[in-house]
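Positions annotated as domain 'Response regulatory' by TrEMBL: 4-118. Annotated 4-aspartylphosphate per TrEMBL: Asp53, in sequence order. TrEMBL lists 121-145, 390-419 with the feature region 'Disordered'. Marked as domain 'Sigma-54 factor interaction' by TrEMBL: 150-379.
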Amino acid sequence: MNNQILVIDDDQDLCRVLSNFLKKSNYEVDVAYKATDGLELLRSNNYDLILCDYRLPDMTGVEALQKIKVLSPDAAVIIITGYSDVQTAVQTFRYGANDYVTKPLYPDELLVTVKETIQKNQEKNQVKSGQPIAKSSPGEQAQEPDSKFILGTSEESKSVQQYVDLIGPTDMSVLIMGETGTGKEYVSNSIHNQSSRAKKPFIAIDCGALPKELAGSELFGHMKGSFTGAIADKPGSFELANGGTIFLDEIGNLSYENQVKLLRVIQERKIRRIGGQKDISVDIRIIAATNENLTEAIKDGRFREDLYHRINEFKINLLPLRERKEDILTFSQHFLQLANHSLKKSVKGFSDEVTHHFLNYQWYGNLRELNNVVKRAVLLTSGDLVPTSALPEEISRPRPTSATDSGEPAEDSHTLRSVSGEAEKQAILNALEVSRYNKSKTAELLKIDRKTLYNKLKLYNIQDY
Ligand SMILES: Nc1ncnc2c1ncn2[C@@H]1O[C@H](COP(=O)(O)OP(=O)(O)OP(=O)(O)O)[C@@H](O)[C@H]1O
(Lines of atoms letter the chains of each structure in order from A and count residues from 1; the text may use other names and numbers.)
(Lines give C-alpha, C1' and ligand atoms only; values in the text may rest on other atoms or scores of the structure.)
Protein backbone atom coordinates (compact mmCIF):
# COMPACT_ATOMS: atom_id res chain seq x y z
CA MET A 1 0.00 0.00 0.00
CA ASN A 2 1.20 3.53 -0.79
CA ASN A 3 2.40 5.72 2.06
CA GLN A 4 -0.20 8.14 3.41
CA ILE A 5 0.65 11.79 3.91
CA LEU A 6 -1.32 14.55 5.59
CA VAL A 7 -0.48 18.16 4.66
CA ILE A 8 -1.58 20.84 7.15
CA ASP A 9 -1.07 24.36 5.78
CA ASP A 10 -3.32 27.39 5.52
CA ASP A 11 -1.89 28.27 2.09
CA GLN A 12 -4.46 26.58 -0.14
CA ASP A 13 -2.42 27.00 -3.34
CA LEU A 14 0.59 25.40 -1.72
CA CYS A 15 -1.57 22.51 -0.46
CA ARG A 16 -2.94 21.94 -3.95
CA VAL A 17 0.49 21.96 -5.62
CA LEU A 18 1.99 19.76 -2.90
CA SER A 19 -0.87 17.32 -3.00
CA ASN A 20 -0.73 16.94 -6.83
CA PHE A 21 3.00 16.54 -6.81
CA LEU A 22 3.06 13.96 -4.01
CA LYS A 23 0.20 12.01 -5.60
CA LYS A 24 2.20 11.84 -8.84
CA SER A 25 5.01 10.32 -6.78
CA ASN A 26 2.62 7.60 -5.58
CA TYR A 27 1.73 8.92 -2.15
CA GLU A 28 -1.85 9.08 -0.88
CA VAL A 29 -2.46 12.65 0.26
CA ASP A 30 -5.03 14.44 2.42
CA VAL A 31 -4.94 18.16 3.13
CA ALA A 32 -6.20 20.37 5.95
CA TYR A 33 -6.03 24.18 6.06
CA LYS A 34 -6.27 24.43 9.83
CA ALA A 35 -4.62 22.49 12.65
CA THR A 36 -8.00 21.51 14.12
CA ASP A 37 -9.13 20.02 10.79
CA GLY A 38 -5.82 18.15 10.51
CA LEU A 39 -6.21 16.74 14.03
CA GLU A 40 -9.73 15.61 13.15
CA LEU A 41 -8.35 13.66 10.17
CA LEU A 42 -5.71 12.10 12.45
CA ARG A 43 -8.46 10.68 14.65
CA SER A 44 -9.78 8.48 11.84
CA ASN A 45 -6.75 7.83 9.61
CA ASN A 46 -3.28 6.38 9.92
CA TYR A 47 -0.69 8.58 8.28
CA ASP A 48 2.97 7.72 7.74
CA LEU A 49 3.93 11.37 7.52
CA ILE A 50 2.48 14.73 8.44
CA LEU A 51 3.78 17.85 6.71
CA CYS A 52 2.79 20.66 9.05
CA ASP A 53 3.23 24.39 8.61
CA TYR A 54 4.97 26.11 11.51
CA ARG A 55 2.54 29.05 11.46
CA LEU A 56 -1.08 27.99 11.41
CA PRO A 57 -4.09 30.27 11.90
CA ASP A 58 -5.53 28.41 14.90
CA MET A 59 -2.50 27.01 16.76
CA THR A 60 1.25 27.52 17.15
CA GLY A 61 3.53 25.00 15.44
CA VAL A 62 4.61 23.56 18.79
CA GLU A 63 1.04 23.16 20.01
CA ALA A 64 0.03 21.42 16.77
CA LEU A 65 3.05 19.12 16.99
CA GLN A 66 2.26 18.14 20.56
CA LYS A 67 -1.32 17.27 19.66
CA ILE A 68 -0.21 15.33 16.58
CA LYS A 69 2.11 13.27 18.81
CA VAL A 70 -0.80 12.34 21.09
CA LEU A 71 -3.01 11.21 18.21
CA SER A 72 -0.33 9.66 15.99
CA PRO A 73 2.75 8.94 18.08
CA ASP A 74 4.35 6.75 15.41
CA ALA A 75 3.87 9.07 12.43
CA ALA A 76 6.80 11.15 11.21
CA VAL A 77 6.40 14.93 11.20
CA ILE A 78 8.15 17.38 8.90
CA ILE A 79 7.73 21.06 9.76
CA ILE A 80 7.30 23.53 6.89
CA THR A 81 8.85 26.86 7.78
CA GLY A 82 10.07 30.11 6.27
CA TYR A 83 13.80 30.73 6.73
CA SER A 84 13.09 33.70 8.99
CA ASP A 85 11.51 31.24 11.47
CA VAL A 86 14.22 28.58 11.27
CA GLN A 87 15.90 29.66 14.48
CA THR A 88 12.77 28.89 16.48
CA ALA A 89 11.37 26.15 14.22
CA VAL A 90 14.44 23.98 14.88
CA GLN A 91 13.40 23.94 18.54
CA THR A 92 10.41 21.79 17.51
CA PHE A 93 12.84 18.86 17.43
CA ARG A 94 12.57 18.88 21.20
CA TYR A 95 8.94 17.95 20.73
CA GLY A 96 9.47 15.19 18.22
CA ALA A 97 9.62 16.76 14.76
CA ASN A 98 11.68 14.55 12.44
CA ASP A 99 12.91 17.18 9.99
CA TYR A 100 12.00 20.53 8.51
CA VAL A 101 11.78 22.00 5.01
CA THR A 102 11.98 25.68 4.20
CA LYS A 103 9.77 27.73 1.91
CA PRO A 104 9.85 28.11 -1.06
CA LEU A 105 9.51 24.36 -1.44
CA TYR A 106 11.33 22.62 -4.30
CA PRO A 107 9.75 19.35 -5.45
CA ASP A 108 12.99 17.35 -5.87
CA GLU A 109 14.35 18.38 -2.50
CA LEU A 110 11.01 17.79 -0.79
CA LEU A 111 10.70 14.36 -2.32
CA VAL A 112 14.14 13.32 -1.04
CA THR A 113 13.31 14.59 2.46
CA VAL A 114 9.88 12.92 2.47
CA LYS A 115 11.30 9.59 1.28
CA GLU A 116 14.22 9.59 3.72
CA THR A 117 12.08 10.67 6.67
CA ILE A 118 9.42 8.00 6.09
CA GLN A 119 12.08 5.32 5.71
CA LYS A 120 14.04 6.35 8.81
CA ASN A 121 10.86 6.60 10.85
CA GLN A 122 9.63 3.19 9.72
CA GLU A 123 12.99 1.69 10.73
CA LYS A 124 12.75 3.37 14.13
CA ASN A 125 9.21 2.04 14.62
CA GLN A 126 10.32 -1.45 13.63
CA VAL A 127 13.14 -1.40 16.18
CA LYS A 128 10.72 -0.09 18.82
CA SER A 129 8.34 -2.96 18.13
CA GLY A 130 11.11 -5.54 18.18
CA GLN A 131 11.04 -6.38 14.45
CA PRO A 132 14.29 -6.88 12.51
CA ILE A 133 15.12 -4.18 9.93
CA ALA A 134 15.34 -5.32 6.32
CA LYS A 135 18.68 -4.20 4.86
CA SER A 136 18.78 -2.82 1.34
CA SER A 137 20.28 -5.04 -1.33
CA PRO A 138 24.06 -4.90 -1.91
CA GLY A 139 23.40 -3.43 -5.37
CA GLU A 140 21.58 -0.45 -3.86
CA GLN A 141 24.20 0.05 -1.20
CA ALA A 142 27.05 0.22 -3.70
CA GLN A 143 25.85 3.62 -4.89
CA GLU A 144 25.68 5.13 -1.41
CA PRO A 145 28.59 7.27 -0.24
CA ASP A 146 30.78 5.28 2.17
CA SER A 147 28.92 6.36 5.25
CA LYS A 148 26.27 8.91 6.09
CA PHE A 149 28.18 9.71 9.25
CA ILE A 150 31.68 11.09 9.59
CA LEU A 151 33.90 12.33 12.40
CA GLY A 152 34.38 16.05 12.90
CA THR A 153 37.94 17.37 12.46
CA SER A 154 37.91 20.18 15.06
CA GLU A 155 39.86 19.69 18.28
CA GLU A 156 36.51 19.60 20.14
CA SER A 157 35.17 16.78 17.96
CA LYS A 158 38.39 14.85 18.28
CA SER A 159 38.20 14.96 22.05
CA VAL A 160 34.55 13.87 21.94
CA GLN A 161 35.69 10.91 19.85
CA GLN A 162 38.36 10.10 22.42
CA TYR A 163 35.71 10.08 25.14
CA VAL A 164 33.53 7.83 23.02
CA ASP A 165 36.44 5.41 22.49
CA LEU A 166 37.18 5.48 26.20
CA ILE A 167 33.74 4.91 27.63
CA GLY A 168 32.17 3.04 24.72
CA PRO A 169 33.30 -0.41 25.89
CA THR A 170 32.23 0.23 29.53
CA ASP A 171 28.72 -0.03 30.94
CA MET A 172 28.67 3.53 32.28
CA SER A 173 25.57 5.68 31.95
CA VAL A 174 26.32 8.71 29.82
CA LEU A 175 24.70 12.13 29.69
CA ILE A 176 25.14 13.96 26.39
CA MET A 177 24.49 17.69 26.42
CA GLY A 178 24.17 19.87 23.36
CA GLU A 179 21.89 22.09 21.31
CA THR A 180 19.46 20.56 18.86
CA GLY A 181 21.15 19.00 15.82
CA THR A 182 24.66 18.82 17.31
CA GLY A 183 24.73 15.05 16.83
CA LYS A 184 23.69 13.71 20.26
CA GLU A 185 21.89 10.70 18.82
CA TYR A 186 24.78 9.97 16.50
CA VAL A 187 27.30 10.06 19.38
CA SER A 188 25.04 7.88 21.48
CA ASN A 189 24.85 5.36 18.65
CA SER A 190 28.64 5.31 18.33
CA ILE A 191 28.96 4.59 22.06
CA HIS A 192 26.58 1.65 21.65
CA ASN A 193 28.46 0.39 18.59
CA GLN A 194 31.75 0.40 20.52
CA SER A 195 30.32 -1.68 23.35
CA SER A 196 29.87 -5.40 23.81
CA ARG A 197 26.14 -4.65 23.39
CA ALA A 198 26.64 -3.65 19.73
CA LYS A 199 24.78 -6.68 18.39
CA LYS A 200 21.82 -6.08 20.68
CA PRO A 201 19.15 -3.41 20.11
CA PHE A 202 19.80 0.33 20.28
CA ILE A 203 16.46 1.94 21.01
CA ALA A 204 16.09 5.71 20.80
CA ILE A 205 13.20 7.27 22.67
CA ASP A 206 12.36 10.91 22.22
CA CYS A 207 11.04 11.83 25.67
CA GLY A 208 10.09 15.31 24.39
CA ALA A 209 7.68 13.74 21.92
CA LEU A 210 6.16 11.22 24.31
CA PRO A 211 2.65 12.35 25.24
CA LYS A 212 2.33 12.32 29.02
CA GLU A 213 -0.51 9.80 28.92
CA LEU A 214 1.45 7.33 26.77
CA ALA A 215 4.96 7.73 28.15
CA GLY A 216 4.69 5.09 30.89
CA SER A 217 3.28 2.47 28.56
CA GLU A 218 5.82 3.28 25.83
CA LEU A 219 8.75 2.96 28.22
CA PHE A 220 7.64 0.19 30.54
CA GLY A 221 4.88 -1.62 28.60
CA HIS A 222 1.38 -2.51 29.77
CA MET A 223 -0.94 -5.44 30.38
CA LYS A 224 -4.17 -5.96 28.50
CA GLY A 225 -7.04 -4.01 30.06
CA SER A 226 -4.84 -1.85 32.32
CA PHE A 227 -6.33 1.29 30.74
CA THR A 228 -8.75 2.16 27.93
CA GLY A 229 -7.05 1.26 24.69
CA ALA A 230 -4.77 -1.40 26.20
CA ILE A 231 -6.24 -4.10 23.99
CA ALA A 232 -3.29 -6.50 24.31
CA ASP A 233 -0.20 -7.03 26.44
CA LYS A 234 2.60 -4.84 25.16
CA PRO A 235 6.30 -4.78 26.07
CA GLY A 236 7.84 -1.34 26.58
CA SER A 237 11.08 0.02 25.17
CA PHE A 238 13.10 -1.12 28.19
CA GLU A 239 12.11 -4.74 27.64
CA LEU A 240 12.74 -4.51 23.90
CA ALA A 241 16.18 -3.01 24.47
CA ASN A 242 17.13 -5.79 26.87
CA GLY A 243 20.83 -6.62 26.51
CA GLY A 244 21.37 -3.42 24.51
CA THR A 245 21.26 0.34 24.97
CA ILE A 246 18.39 2.73 25.44
CA PHE A 247 18.85 6.33 24.34
CA LEU A 248 16.58 8.76 26.18
CA ASP A 249 16.60 12.00 24.23
CA GLU A 250 15.33 15.18 25.94
CA ILE A 251 15.27 13.38 29.27
CA GLY A 252 14.36 16.67 31.00
CA ASN A 253 10.87 16.31 29.53
CA LEU A 254 10.11 13.06 31.36
CA SER A 255 7.27 13.43 33.88
CA TYR A 256 8.14 13.24 37.57
CA GLU A 257 6.31 9.92 37.87
CA ASN A 258 8.31 8.38 35.05
CA GLN A 259 11.53 9.79 36.50
CA VAL A 260 10.79 7.76 39.64
CA LYS A 261 10.23 4.61 37.57
CA LEU A 262 13.40 5.23 35.61
CA LEU A 263 15.37 5.61 38.82
CA ARG A 264 14.07 2.23 39.90
CA VAL A 265 15.18 0.63 36.61
CA ILE A 266 18.66 2.04 37.09
CA GLN A 267 18.92 1.00 40.73
CA GLU A 268 17.28 -2.40 40.61
CA ARG A 269 17.50 -3.24 36.90
CA LYS A 270 13.86 -4.25 37.01
CA ILE A 271 10.72 -2.94 35.36
CA ARG A 272 7.05 -3.59 35.89
CA ARG A 273 4.53 -3.18 33.07
CA ILE A 274 1.57 -0.87 33.75
CA GLY A 275 -1.10 -3.08 35.30
CA GLY A 276 1.46 -5.90 35.72
CA GLN A 277 1.96 -7.94 38.90
CA LYS A 278 5.50 -9.14 38.43
CA ASP A 279 8.90 -7.51 38.02
CA ILE A 280 10.87 -8.20 34.88
CA SER A 281 14.68 -8.08 35.02
CA VAL A 282 16.39 -6.03 32.34
CA ASP A 283 20.05 -5.56 31.44
CA ILE A 284 20.25 -2.12 29.91
CA ARG A 285 22.80 0.58 29.33
CA ILE A 286 21.31 4.06 29.56
CA ILE A 287 22.44 7.02 27.53
CA ALA A 288 20.50 10.22 28.07
CA ALA A 289 20.58 13.52 26.23
CA THR A 290 19.30 16.98 26.87
CA ASN A 291 19.64 20.46 25.51
CA GLU A 292 18.42 22.10 28.67
CA ASN A 293 20.39 22.83 31.79
CA LEU A 294 19.30 20.04 34.13
CA THR A 295 20.80 21.69 37.19
CA GLU A 296 18.34 24.55 36.62
CA ALA A 297 15.55 21.98 36.24
CA ILE A 298 16.62 20.43 39.56
CA LYS A 299 16.53 23.85 41.22
CA ASP A 300 13.04 24.44 39.82
CA GLY A 301 11.92 21.04 41.15
CA ARG A 302 11.26 19.67 37.64
CA PHE A 303 14.02 17.05 37.65
CA ARG A 304 15.11 14.64 40.38
CA GLU A 305 18.62 15.21 41.64
CA ASP A 306 19.19 11.51 42.47
CA LEU A 307 18.27 10.55 38.89
CA TYR A 308 20.57 13.23 37.54
CA HIS A 309 23.54 11.76 39.41
CA ARG A 310 22.68 8.25 38.23
CA ILE A 311 22.52 9.15 34.53
CA ASN A 312 25.51 11.43 34.76
CA GLU A 313 28.27 8.88 35.39
CA PHE A 314 30.02 10.43 32.42
CA LYS A 315 29.13 13.67 30.70
CA ILE A 316 29.83 14.59 27.08
CA ASN A 317 29.27 18.15 25.98
CA LEU A 318 28.72 18.73 22.26
CA LEU A 319 29.56 22.30 21.33
CA PRO A 320 27.34 24.24 18.94
CA LEU A 321 28.67 24.22 15.38
CA ARG A 322 29.42 27.97 15.51
CA GLU A 323 31.98 27.25 18.25
CA ARG A 324 33.86 24.60 16.25
CA LYS A 325 34.27 26.28 12.90
CA GLU A 326 36.60 23.70 11.42
CA ASP A 327 33.72 21.23 11.50
CA ILE A 328 31.59 23.59 9.40
CA LEU A 329 34.03 23.05 6.54
CA THR A 330 34.35 19.29 7.04
CA PHE A 331 30.63 18.64 7.36
CA SER A 332 29.61 20.96 4.53
CA GLN A 333 31.83 18.93 2.15
CA HIS A 334 30.35 15.71 3.47
CA PHE A 335 26.76 16.95 3.11
CA LEU A 336 27.61 18.13 -0.42
CA GLN A 337 28.52 14.54 -1.35
CA LEU A 338 25.33 13.21 0.22
CA ALA A 339 23.23 15.81 -1.62
CA ASN A 340 24.98 15.08 -4.94
CA HIS A 341 24.10 11.45 -4.43
CA SER A 342 20.47 11.87 -3.47
CA LEU A 343 19.73 14.63 -6.02
CA LYS A 344 21.85 13.03 -8.77
CA LYS A 345 24.06 16.11 -9.18
CA SER A 346 27.83 16.59 -9.41
CA VAL A 347 28.57 19.89 -7.70
CA LYS A 348 32.25 20.02 -6.72
CA GLY A 349 32.43 22.53 -3.89
CA PHE A 350 31.57 25.96 -2.52
CA SER A 351 32.64 29.41 -3.70
CA ASP A 352 34.94 31.29 -1.30
CA GLU A 353 32.11 33.69 -0.53
CA VAL A 354 29.79 30.85 0.46
CA THR A 355 32.47 29.40 2.73
CA HIS A 356 32.85 32.84 4.31
CA HIS A 357 29.08 33.02 4.95
CA PHE A 358 29.02 29.51 6.37
CA LEU A 359 31.79 30.37 8.82
CA ASN A 360 29.99 33.49 9.99
CA TYR A 361 26.45 32.18 10.33
CA GLN A 362 25.08 31.16 13.74
CA TRP A 363 23.69 27.70 12.79
CA TYR A 364 21.05 27.43 15.51
CA GLY A 365 19.95 24.10 14.02
CA ASN A 366 23.60 22.97 13.94
CA LEU A 367 24.46 19.95 11.73
CA ARG A 368 20.83 19.36 10.80
CA GLU A 369 20.49 22.93 9.52
CA LEU A 370 23.83 22.80 7.69
CA ASN A 371 22.75 19.57 6.00
CA ASN A 372 19.46 21.12 4.87
CA VAL A 373 21.09 24.32 3.62
CA VAL A 374 23.68 22.38 1.64
CA LYS A 375 21.01 20.09 0.17
CA ARG A 376 18.97 23.09 -1.04
CA ALA A 377 22.11 24.88 -2.33
CA VAL A 378 23.21 21.83 -4.33
CA LEU A 379 19.77 21.63 -5.89
CA LEU A 380 19.98 25.27 -6.99
CA THR A 381 23.54 25.07 -8.33
CA SER A 382 24.12 24.51 -12.02
CA GLY A 383 27.90 25.03 -12.17
CA ASP A 384 30.78 23.38 -10.31
CA LEU A 385 30.71 25.59 -7.23
CA VAL A 386 27.79 26.58 -5.01
CA PRO A 387 27.28 30.36 -5.51
CA THR A 388 26.06 32.78 -2.83
CA SER A 389 22.76 33.13 -4.71
CA ALA A 390 21.94 29.52 -3.74
CA LEU A 391 21.92 30.42 -0.03
CA PRO A 392 18.93 31.71 1.93
CA GLU A 393 19.14 35.48 2.44
CA GLU A 394 19.35 34.99 6.19
CA ILE A 395 22.76 33.40 5.61
CA SER A 396 24.07 35.46 2.69
CA ARG A 397 22.85 38.78 4.07
CA PRO A 398 22.73 38.36 7.83
CA ARG A 399 20.78 40.95 9.80
CA PRO A 400 22.67 43.10 12.29
CA THR A 401 23.57 40.97 15.27
CA SER A 402 21.10 41.49 18.09
CA ALA A 403 21.83 41.38 21.78
CA THR A 404 20.24 37.94 22.00
CA ASP A 405 22.65 36.48 19.45
CA SER A 406 25.89 37.56 21.00
CA GLY A 407 25.19 38.58 24.54
CA GLU A 408 26.70 41.96 23.56
CA PRO A 409 24.71 45.20 23.46
CA ALA A 410 23.22 45.98 20.03
CA GLU A 411 24.93 48.51 17.71
CA ASP A 412 24.89 52.06 19.00
CA SER A 413 23.17 53.70 16.04
CA HIS A 414 19.62 54.83 16.49
CA THR A 415 18.29 53.18 13.32
CA LEU A 416 20.22 49.97 13.74
CA ARG A 417 19.12 49.79 17.31
CA SER A 418 15.47 49.97 16.41
CA VAL A 419 15.92 47.32 13.70
CA SER A 420 17.73 44.90 15.97
CA GLY A 421 15.31 45.79 18.79
CA GLU A 422 12.42 44.60 16.64
CA ALA A 423 14.32 41.39 15.80
CA GLU A 424 15.11 40.89 19.47
CA LYS A 425 11.49 41.37 20.51
CA GLN A 426 10.43 38.86 17.87
CA ALA A 427 13.07 36.36 19.03
CA ILE A 428 11.79 36.68 22.62
CA LEU A 429 8.18 36.20 21.54
CA ASN A 430 9.15 33.13 19.51
CA ALA A 431 11.16 31.65 22.38
CA LEU A 432 8.27 32.26 24.80
CA GLU A 433 5.99 30.41 22.44
CA VAL A 434 8.38 27.49 22.01
CA SER A 435 8.94 27.15 25.75
CA ARG A 436 5.22 27.49 26.46
CA TYR A 437 5.83 30.69 28.40
CA ASN A 438 8.20 29.05 30.88
CA LYS A 439 10.59 31.88 31.78
CA SER A 440 13.58 29.70 32.76
CA LYS A 441 13.34 27.75 29.53
CA THR A 442 12.87 30.93 27.52
CA ALA A 443 15.96 32.52 29.07
CA GLU A 444 17.88 29.32 28.40
CA LEU A 445 16.79 29.22 24.76
CA LEU A 446 17.84 32.82 24.32
CA LYS A 447 21.08 32.23 26.21
CA ILE A 448 20.48 35.09 28.64
CA ASP A 449 19.89 34.96 32.37
CA ARG A 450 16.42 35.25 33.86
CA LYS A 451 16.96 38.76 35.15
CA THR A 452 17.93 39.99 31.67
CA LEU A 453 14.83 38.30 30.29
CA TYR A 454 12.57 40.08 32.80
CA ASN A 455 14.21 43.43 31.93
CA LYS A 456 13.64 42.82 28.25
CA LEU A 457 10.01 41.77 28.76
CA LYS A 458 9.53 45.10 30.48
CA LEU A 459 11.49 47.02 27.84
CA TYR A 460 9.44 45.62 24.97
CA ASN A 461 6.22 45.75 26.93
CA ILE A 462 5.61 42.02 26.49
CA GLN A 463 2.69 40.93 28.65
CA ASP A 464 3.35 38.45 31.45
CA TYR A 465 1.50 35.19 30.72
N1 LIG B 1 28.69 12.68 12.75
C2 LIG B 1 27.78 13.02 11.85
N3 LIG B 1 28.01 12.79 10.54
C4 LIG B 1 27.10 13.18 9.61
N5 LIG B 1 25.94 13.77 9.88
C6 LIG B 1 25.66 14.03 11.16
C7 LIG B 1 26.55 13.65 12.22
N8 LIG B 1 26.00 14.02 13.39
C9 LIG B 1 24.81 14.60 13.08
N10 LIG B 1 24.61 14.60 11.75
C11 LIG B 1 23.47 15.18 11.01
O12 LIG B 1 22.74 16.00 11.89
C13 LIG B 1 21.40 15.47 12.08
C14 LIG B 1 21.02 15.61 13.52
O15 LIG B 1 21.83 14.74 14.31
P16 LIG B 1 21.30 14.10 15.67
O17 LIG B 1 19.89 13.63 15.49
O18 LIG B 1 22.31 13.13 16.15
O19 LIG B 1 21.31 15.42 16.56
P20 LIG B 1 20.68 15.61 18.01
O21 LIG B 1 21.65 16.49 18.75
O22 LIG B 1 20.34 14.28 18.61
O23 LIG B 1 19.38 16.44 17.63
P24 LIG B 1 18.04 16.65 18.54
O25 LIG B 1 18.49 17.25 19.83
O26 LIG B 1 17.26 17.63 17.73
O27 LIG B 1 17.38 15.33 18.67
C28 LIG B 1 21.47 14.04 11.58
O29 LIG B 1 20.24 13.62 11.05
C30 LIG B 1 22.53 14.11 10.49
O31 LIG B 1 21.96 14.61 9.29
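Any Cβ shown, glycine's included, is placed from N, Cα and C.
The domain 'Response regulatory' (4-118): residue composition by secondary structure is 59 helix, 29 strand, 27 coil, according to DSSP. Across the domain 'Sigma-54 factor interaction' (150-379), the prediction's mean pLDDT works out to 93. Long-range Cβ contacts of Asp53 (4-aspartylphosphate) within its own chain (separation 6+, distance under 8 Å): Ile8, Asp9, Asp10, Asp11, Gly61, Ile79, Ile80, Thr81.
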